[in-house]
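Read the structure below first, then the notes.
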Amino acid sequence: MNISRVLFAVVLVLTVSTYECRPRGRILGGQDSKEKTWPFMASIQKNEVHQCGGVLISDKWVLSAAHCATDSNNSSLHVMLGAISLTKPEQYKIVLKVEREIPHPLYNSTKKHHDLLLLELSEKVTLSEAVKPLPFETENIDIPDGKRCLVAGWGQMKSTGKKPDTLQELWIPVISRDVCNRRNYYDNEITPNMICAIEAKKDSCEGDSGGPLVCDGIAVAIVQGGYRRCGLSKKPGIYTLIAPYKSWIMETMYNATLLPSPL
């Protein structure tokens, strides 16, 4: 029996660089999100300050970007779920401690290859219409050029200025890998495990990496990095595809159930 299929079934039951790559997530040209429209969206926080986005993929696990890892003990690391506002009281908002940070073992911090991070929460989430996991893509499919997908974040909305308190969302078209690898784009730096997406003056950008790129109601990629300036038509946002890492994700979550809780 294929172990990855077995582990995927378990997860479903539980859930009901040279191109000057920088952390992304400032949602340029987006709009305020509404309550319960992003029940899977996570705010990863250190000392109660938003650091990165993430996506709830089971009742105990959040997927984010490896460059969001803290390199310190997890005592000050928490995940906020069910939130639209980072600071205002909200009926469905919950905050949970992070028990483990597990970056992909092949993560390359220079080129941001394999830029994925799993966060194990200290306890299982009580699922509701405002807090629930999002299915992620498990098949290595090509996302068509021009396909419009959703991205969201709490990062800055302008090159300078205050970060928003309200979650921003944006429809954004995917760009083919061939185009993104042209010399005047990223000059063959985009691997088969990455995709690009951008629209004029609309982009994810610095300050909110780790959130999901959602196509047809499925998380297909994680906000990764891009050029030092955001919103440039030939320097689109870069995203790490999830499907190529399906086995690592499911096996990591399964193996964690066999380990004692960290002190």
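Going from the start of the chain as shown, residues are counted 1 onward.
The backbone N, Cα and C atoms fix where each Cβ goes, glycine too.
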Whichever of C68, C215, C230 is disulfide-bonded to C149 when Swiss-Prot is consulted: C215
Segment confidence, the domain 'Peptidase S1' (27-254), expressed as mean pLDDT: 88
Candidates H67, D115, S209 (active-site residues) - the one closest to N255 (N-linked glycosylation site) by CA: D115
Which same-chain residues, if any, lie at least 6 apart from C149 (disulfide bond) yet have Cβ under 8 Å of it: I143, W171, I172, P173, V174, A197, L213, V214, C215, V220
For the disulfide-bonded residues C52, C68, C180, C215, the one whose C-beta sees the most other C-beta atoms within 10 angstroms: C52
Secondary structure of C180 (disulfide bond) (DSSP, helix/strand/coil): helix
